[in-house]
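Colleague: Per Swiss-Prot, the features are:
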- Thr55, Ala56, Gly57, Gly58, Asn59, Gly60, Lys61, Thr62: ATP binding site (BINDING)
Amino acid sequence: MIARIWSGESPLWRLLLPFSWLYGLVSGAIRLSYKLGLKRAWRAPVPVVVVGNLTAGGNGKTPVVIWLVEQLQRRGVRVGVVSRGYGGKAVAYPLLLTPETTTAEAGDEPVLIYQRTGAPVAVAPERAAAVKAILAAHDVQIIITDDGLQHYRLARDIEIVVIDGVRRFGNGWWLPAGPMRERASRLKTVDAAIVNGGVARAGEIPMQLAPGLAVNLRTGARCDVAQLSNIVAMAGIGHPPRFFATLESCGAHPQKCVPLADHQTLAPADVQALVGEGQTLVMTEKDAVKCRAFAEDNWWFLPVDARLSGEKPDKLLEHITSLVR
(Lines of atoms letter the chains of each structure in order from A and count residues from 1; the text may use other names and numbers.)
(Lines give C-alpha, C1' and ligand atoms only; values in the text may rest on other atoms or scores of the structure.)
Protein backbone atom coordinates (compact mmCIF):
# COMPACT_ATOMS: atom_id res chain seq x y z
CA MET A 1 0.00 0.00 0.00
CA ILE A 2 2.78 2.45 0.93
CA ALA A 3 4.51 1.79 -2.39
CA ARG A 4 1.31 2.57 -4.31
CA ILE A 5 0.72 5.76 -2.31
CA TRP A 6 4.27 7.00 -2.75
CA SER A 7 4.32 6.20 -6.46
CA GLY A 8 1.10 8.17 -6.99
CA GLU A 9 -0.85 5.10 -8.13
CA SER A 10 -3.20 5.42 -5.15
CA PRO A 11 -5.08 8.71 -4.64
CA LEU A 12 -4.73 8.31 -0.86
CA TRP A 13 -1.55 10.40 -0.93
CA ARG A 14 -3.72 13.51 -1.20
CA LEU A 15 -5.21 12.80 2.23
CA LEU A 16 -1.72 12.90 3.73
CA LEU A 17 -0.67 16.21 2.18
CA PRO A 18 -1.29 18.31 5.33
CA PHE A 19 1.18 16.13 7.22
CA SER A 20 3.65 16.34 4.34
CA TRP A 21 3.52 20.13 4.37
CA LEU A 22 4.21 20.05 8.11
CA TYR A 23 7.14 17.69 7.58
CA GLY A 24 8.52 19.90 4.82
CA LEU A 25 8.19 23.08 6.88
CA VAL A 26 9.92 21.57 9.91
CA SER A 27 12.74 19.91 7.95
CA GLY A 28 13.25 23.04 5.86
CA ALA A 29 13.39 25.22 8.96
CA ILE A 30 16.02 22.95 10.52
CA ARG A 31 18.24 23.10 7.44
CA LEU A 32 17.79 26.87 7.13
CA SER A 33 18.73 27.38 10.79
CA TYR A 34 22.13 25.82 10.12
CA LYS A 35 22.56 27.64 6.82
CA LEU A 36 21.93 31.01 8.49
CA GLY A 37 24.14 30.20 11.46
CA LEU A 38 21.30 30.17 13.99
CA LYS A 39 22.47 26.69 14.90
CA ARG A 40 26.09 25.61 14.72
CA ALA A 41 27.28 22.37 13.20
CA TRP A 42 30.25 20.57 14.70
CA ARG A 43 33.17 20.24 12.31
CA ALA A 44 35.53 17.28 12.67
CA PRO A 45 39.30 17.81 12.38
CA VAL A 46 39.29 15.42 9.39
CA PRO A 47 37.16 15.56 6.21
CA VAL A 48 33.65 14.11 6.43
CA VAL A 49 31.85 12.49 3.48
CA VAL A 50 28.11 11.90 3.82
CA VAL A 51 26.47 9.12 1.80
CA GLY A 52 22.71 9.50 2.09
CA ASN A 53 19.29 9.50 0.49
CA LEU A 54 16.62 12.02 -0.39
CA THR A 55 13.96 9.32 -0.01
CA ALA A 56 12.92 6.77 2.58
CA GLY A 57 13.40 3.13 1.68
CA GLY A 58 16.28 1.13 0.28
CA ASN A 59 18.28 2.78 -2.48
CA GLY A 60 21.51 0.79 -2.32
CA LYS A 61 23.30 3.18 0.02
CA THR A 62 25.21 0.58 2.05
CA PRO A 63 26.90 -1.01 -1.01
CA VAL A 64 28.00 2.50 -2.02
CA VAL A 65 29.50 3.10 1.43
CA ILE A 66 31.38 -0.21 1.20
CA TRP A 67 32.58 0.64 -2.33
CA LEU A 68 33.78 4.07 -1.22
CA VAL A 69 35.61 2.73 1.84
CA GLU A 70 37.33 0.01 -0.17
CA GLN A 71 38.32 2.40 -2.97
CA LEU A 72 39.87 4.84 -0.49
CA GLN A 73 41.65 2.03 1.35
CA ARG A 74 43.22 0.91 -1.94
CA ARG A 75 44.54 4.44 -2.31
CA GLY A 76 46.19 4.21 1.09
CA VAL A 77 43.64 6.36 2.93
CA ARG A 78 42.76 5.43 6.52
CA VAL A 79 38.96 5.52 6.70
CA GLY A 80 36.49 5.48 9.58
CA VAL A 81 32.72 5.00 9.28
CA VAL A 82 29.95 6.34 11.50
CA SER A 83 26.28 5.43 11.52
CA ARG A 84 23.09 5.98 13.48
CA GLY A 85 22.86 2.23 14.02
CA TYR A 86 19.23 1.70 13.04
CA GLY A 87 17.80 -1.55 14.39
CA GLY A 88 20.33 -1.80 17.21
CA LYS A 89 20.34 -0.69 20.83
CA ALA A 90 23.63 -0.44 22.69
CA VAL A 91 24.04 -0.26 26.45
CA ALA A 92 25.93 2.99 25.97
CA TYR A 93 26.81 5.31 23.10
CA PRO A 94 29.01 5.93 21.23
CA LEU A 95 29.69 2.27 20.45
CA LEU A 96 32.91 1.27 18.69
CA LEU A 97 32.42 -2.00 16.87
CA THR A 98 34.57 -5.04 17.60
CA PRO A 99 34.45 -8.57 16.14
CA GLU A 100 32.14 -9.48 19.03
CA THR A 101 29.63 -6.66 18.47
CA THR A 102 26.17 -7.97 17.55
CA THR A 103 23.54 -6.54 15.23
CA ALA A 104 21.26 -6.24 18.27
CA GLU A 105 23.75 -3.70 19.65
CA ALA A 106 24.91 -1.86 16.53
CA GLY A 107 22.34 -2.58 13.83
CA ASP A 108 22.79 -4.70 10.72
CA GLU A 109 24.33 -2.17 8.33
CA PRO A 110 27.22 -1.07 10.60
CA VAL A 111 28.11 -4.70 11.34
CA LEU A 112 28.03 -5.52 7.62
CA ILE A 113 30.27 -2.54 6.77
CA TYR A 114 32.69 -3.49 9.56
CA GLN A 115 32.90 -7.11 8.45
CA ARG A 116 33.29 -6.28 4.76
CA THR A 117 35.86 -3.49 5.04
CA GLY A 118 37.66 -3.92 8.36
CA ALA A 119 37.46 -0.15 8.79
CA PRO A 120 36.79 1.32 12.25
CA VAL A 121 33.03 1.77 12.67
CA ALA A 122 31.18 3.63 15.43
CA VAL A 123 27.46 4.14 16.01
CA ALA A 124 25.60 6.78 18.00
CA PRO A 125 22.35 8.73 17.67
CA GLU A 126 24.52 11.87 17.72
CA ARG A 127 26.94 11.27 14.86
CA ALA A 128 29.46 13.80 16.15
CA ALA A 129 29.89 11.59 19.22
CA ALA A 130 30.58 8.61 16.96
CA VAL A 131 33.19 10.61 15.03
CA LYS A 132 34.92 11.66 18.25
CA ALA A 133 34.99 8.04 19.44
CA ILE A 134 36.72 6.88 16.26
CA LEU A 135 39.22 9.74 16.31
CA ALA A 136 40.09 8.97 19.93
CA ALA A 137 40.79 5.31 19.17
CA HIS A 138 42.07 5.28 15.59
CA ASP A 139 44.38 7.37 13.43
CA VAL A 140 41.93 7.88 10.56
CA GLN A 141 42.28 10.48 7.83
CA ILE A 142 38.67 10.71 6.72
CA ILE A 143 35.19 9.85 8.01
CA ILE A 144 32.40 8.33 5.91
CA THR A 145 28.95 8.70 7.42
CA ASP A 146 26.45 6.01 6.45
CA ASP A 147 23.24 8.00 5.97
CA GLY A 148 22.88 11.33 7.77
CA LEU A 149 22.33 13.66 4.82
CA GLN A 150 19.66 15.40 6.90
CA HIS A 151 21.77 15.29 10.10
CA TYR A 152 23.01 18.86 9.80
CA ARG A 153 24.58 18.96 13.26
CA LEU A 154 27.59 17.27 11.68
CA ALA A 155 29.40 19.50 9.18
CA ARG A 156 30.41 17.77 5.98
CA ASP A 157 32.89 18.35 3.17
CA ILE A 158 31.32 16.08 0.54
CA GLU A 159 27.69 15.04 0.05
CA ILE A 160 26.79 11.97 -2.02
CA VAL A 161 23.17 11.02 -2.71
CA VAL A 162 22.12 7.53 -3.78
CA ILE A 163 18.96 7.32 -5.92
CA ASP A 164 16.86 4.31 -6.87
CA GLY A 165 16.95 4.59 -10.67
CA VAL A 166 13.65 2.75 -11.12
CA ARG A 167 11.50 4.38 -8.44
CA ARG A 168 13.34 7.74 -8.50
CA PHE A 169 11.33 10.12 -6.28
CA GLY A 170 7.86 8.62 -6.61
CA ASN A 171 5.17 11.30 -6.49
CA GLY A 172 7.78 13.83 -5.32
CA TRP A 173 6.10 14.70 -2.03
CA TRP A 174 7.56 14.82 1.46
CA LEU A 175 6.81 12.08 3.95
CA PRO A 176 4.25 10.68 4.63
CA ALA A 177 2.33 11.45 1.40
CA GLY A 178 5.44 10.66 -0.61
CA PRO A 179 8.90 9.15 -0.08
CA MET A 180 10.87 12.41 0.13
CA ARG A 181 12.95 13.43 3.14
CA GLU A 182 13.93 16.49 1.13
CA ARG A 183 12.69 17.67 -2.25
CA ALA A 184 14.48 16.74 -5.46
CA SER A 185 15.83 20.30 -5.79
CA ARG A 186 18.32 19.36 -3.05
CA LEU A 187 20.29 17.52 -5.75
CA LYS A 188 21.53 20.89 -6.99
CA THR A 189 23.63 21.31 -3.84
CA VAL A 190 25.23 17.86 -3.50
CA ASP A 191 28.60 16.82 -4.88
CA ALA A 192 27.51 13.58 -6.55
CA ALA A 193 24.31 11.69 -7.34
CA ILE A 194 24.71 7.94 -7.81
CA VAL A 195 21.82 6.15 -9.54
CA ASN A 196 21.23 2.51 -8.66
CA GLY A 197 19.71 0.78 -11.69
CA GLY A 198 17.38 2.34 -14.21
CA VAL A 199 18.71 5.07 -16.47
CA ALA A 200 21.00 7.76 -15.06
CA ARG A 201 20.26 11.31 -16.15
CA ALA A 202 22.72 14.02 -17.15
CA GLY A 203 25.32 14.61 -14.45
CA GLU A 204 24.43 11.45 -12.51
CA ILE A 205 26.71 8.45 -11.94
CA PRO A 206 25.26 5.12 -13.15
CA MET A 207 25.54 2.19 -10.75
CA GLN A 208 24.57 -1.46 -10.81
CA LEU A 209 24.59 -3.98 -7.99
CA ALA A 210 26.68 -6.91 -9.20
CA PRO A 211 25.91 -10.22 -7.46
CA GLY A 212 28.74 -12.54 -6.53
CA LEU A 213 28.73 -16.24 -5.69
CA ALA A 214 26.28 -17.45 -3.06
CA VAL A 215 27.95 -18.07 0.31
CA ASN A 216 26.94 -20.71 2.85
CA LEU A 217 26.40 -19.15 6.27
CA ARG A 218 27.75 -22.18 8.14
CA THR A 219 30.71 -23.32 6.06
CA GLY A 220 31.63 -20.35 3.89
CA ALA A 221 31.38 -22.56 0.80
CA ARG A 222 30.60 -20.70 -2.43
CA CYS A 223 28.65 -21.61 -5.53
CA ASP A 224 26.62 -20.11 -8.34
CA VAL A 225 23.24 -19.29 -6.84
CA ALA A 226 21.54 -20.88 -9.87
CA GLN A 227 22.97 -24.23 -8.75
CA LEU A 228 20.91 -24.14 -5.56
CA SER A 229 17.58 -25.94 -5.71
CA ASN A 230 14.13 -25.35 -4.19
CA ILE A 231 15.00 -21.82 -3.10
CA VAL A 232 13.09 -19.78 -0.55
CA ALA A 233 14.24 -16.16 -0.84
CA MET A 234 14.23 -13.84 2.18
CA ALA A 235 14.99 -10.11 2.15
CA GLY A 236 14.83 -7.71 5.08
CA ILE A 237 15.98 -4.60 3.23
CA GLY A 238 14.44 -1.30 2.23
CA HIS A 239 13.18 -2.61 -1.12
CA PRO A 240 12.96 -6.45 -1.10
CA PRO A 241 11.73 -6.79 -4.72
CA ARG A 242 15.16 -5.65 -5.91
CA PHE A 243 16.79 -8.68 -4.26
CA PHE A 244 14.20 -11.08 -5.65
CA ALA A 245 14.71 -9.63 -9.13
CA THR A 246 18.48 -10.08 -8.74
CA LEU A 247 17.99 -13.76 -7.97
CA GLU A 248 15.85 -14.16 -11.08
CA SER A 249 18.48 -12.41 -13.20
CA CYS A 250 21.07 -14.89 -11.91
CA GLY A 251 18.97 -17.84 -13.07
CA ALA A 252 17.70 -18.71 -9.59
CA HIS A 253 13.92 -18.96 -9.51
CA PRO A 254 12.65 -18.96 -5.91
CA GLN A 255 9.67 -21.11 -5.02
CA LYS A 256 8.71 -18.50 -2.46
CA CYS A 257 9.78 -14.89 -1.77
CA VAL A 258 9.51 -13.55 1.78
CA PRO A 259 9.82 -9.75 2.12
CA LEU A 260 10.64 -8.49 5.62
CA ALA A 261 10.85 -5.03 7.12
CA ASP A 262 14.18 -3.21 6.90
CA HIS A 263 16.28 -3.71 10.07
CA GLN A 264 13.75 -6.27 11.35
CA THR A 265 14.91 -8.38 14.28
CA LEU A 266 15.09 -12.01 13.22
CA ALA A 267 14.30 -14.75 15.73
CA PRO A 268 15.77 -18.21 15.01
CA ALA A 269 12.41 -19.97 15.10
CA ASP A 270 10.83 -17.48 12.68
CA VAL A 271 13.59 -17.90 10.11
CA GLN A 272 13.70 -21.67 10.49
CA ALA A 273 9.95 -21.82 9.88
CA LEU A 274 10.39 -20.31 6.41
CA VAL A 275 12.18 -23.37 5.05
CA GLY A 276 10.53 -26.73 4.50
CA GLU A 277 11.93 -30.19 3.83
CA GLY A 278 14.41 -30.16 0.95
CA GLN A 279 14.34 -26.37 0.54
CA THR A 280 17.23 -23.91 0.52
CA LEU A 281 17.08 -20.47 2.13
CA VAL A 282 18.80 -17.64 0.26
CA MET A 283 18.98 -14.21 1.91
CA THR A 284 20.71 -10.86 1.55
CA GLU A 285 24.12 -10.29 3.09
CA LYS A 286 22.52 -7.76 5.43
CA ASP A 287 20.19 -10.47 6.73
CA ALA A 288 23.10 -12.91 6.98
CA VAL A 289 24.92 -10.84 9.59
CA LYS A 290 21.84 -11.24 11.80
CA CYS A 291 21.39 -14.96 11.13
CA ARG A 292 24.94 -16.32 11.14
CA ALA A 293 24.90 -17.21 14.86
CA PHE A 294 21.98 -19.62 14.43
CA ALA A 295 22.31 -20.58 10.76
CA GLU A 296 21.37 -23.99 9.39
CA ASP A 297 23.38 -25.98 6.84
CA ASN A 298 21.03 -25.04 3.98
CA TRP A 299 21.16 -21.26 4.50
CA TRP A 300 23.00 -19.12 1.96
CA PHE A 301 23.39 -15.42 1.23
CA LEU A 302 24.02 -13.60 -2.03
CA PRO A 303 26.53 -10.74 -1.71
CA VAL A 304 26.34 -7.77 -4.06
CA ASP A 305 28.94 -5.16 -4.92
CA ALA A 306 28.39 -1.66 -6.25
CA ARG A 307 29.71 -1.17 -9.79
CA LEU A 308 29.96 2.48 -10.83
CA SER A 309 30.58 3.28 -14.48
CA GLY A 310 31.96 6.19 -16.47
CA GLU A 311 34.68 8.70 -15.64
CA LYS A 312 32.85 10.45 -12.81
CA PRO A 313 33.63 7.85 -10.09
CA ASP A 314 37.38 8.35 -10.55
CA LYS A 315 36.97 12.12 -10.48
CA LEU A 316 34.89 11.84 -7.31
CA LEU A 317 37.55 9.70 -5.65
CA GLU A 318 40.29 12.12 -6.73
CA HIS A 319 38.30 14.98 -5.23
CA ILE A 320 37.82 13.13 -1.94
CA THR A 321 41.46 12.05 -1.63
CA SER A 322 42.59 15.61 -2.33
CA LEU A 323 40.92 16.64 0.94
CA VAL A 324 43.08 14.27 2.98
CA ARG A 325 46.04 16.03 4.52
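Note that Cβ sites are derived from N, Cα and C of the backbone, with glycine treated the same way.
Note that this is a predicted model, so its numbers are computed, not measured.
Mind running through what each feature is packed against?
Modeller: For Asn59 (ATP binding site), the same-chain residues that are 6 or more apart in sequence and have a Cβ closer than 8 Å to its Cβ are Asn53, Val162, Ile163, Asp164, Asn196, Gly238, His239.
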Colleague: What kind of secondary structure is Lys61 (ATP binding site) part of, going by DSSP in three states?
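Modeller: In three-state terms, Lys61 (ATP binding site) counts as helix.
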Colleague: Can you check which residues sit near Gly58 (ATP binding site), meaning Cβ under 8 Å from its Cβ, same chain, 6 or more apart in sequence, and list them in order?
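Modeller: Listed in sequence order, they are Asp164, Ile237, Gly238, His239, Arg242, Asp262.
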Colleague: Would you say which of the binding-site residues Gly57, Gly60 has the most Cβ atoms within 10 Å of its own Cβ?
Modeller: Gly60
Colleague: List every residue in the same chain as Lys61 (ATP binding site), at least 6 positions away in sequence, whose Cβ is under 8 Å from its Cβ.
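Modeller: The answer is Val51, Gly52, Asn53, Asp146, Asp147, Val162.
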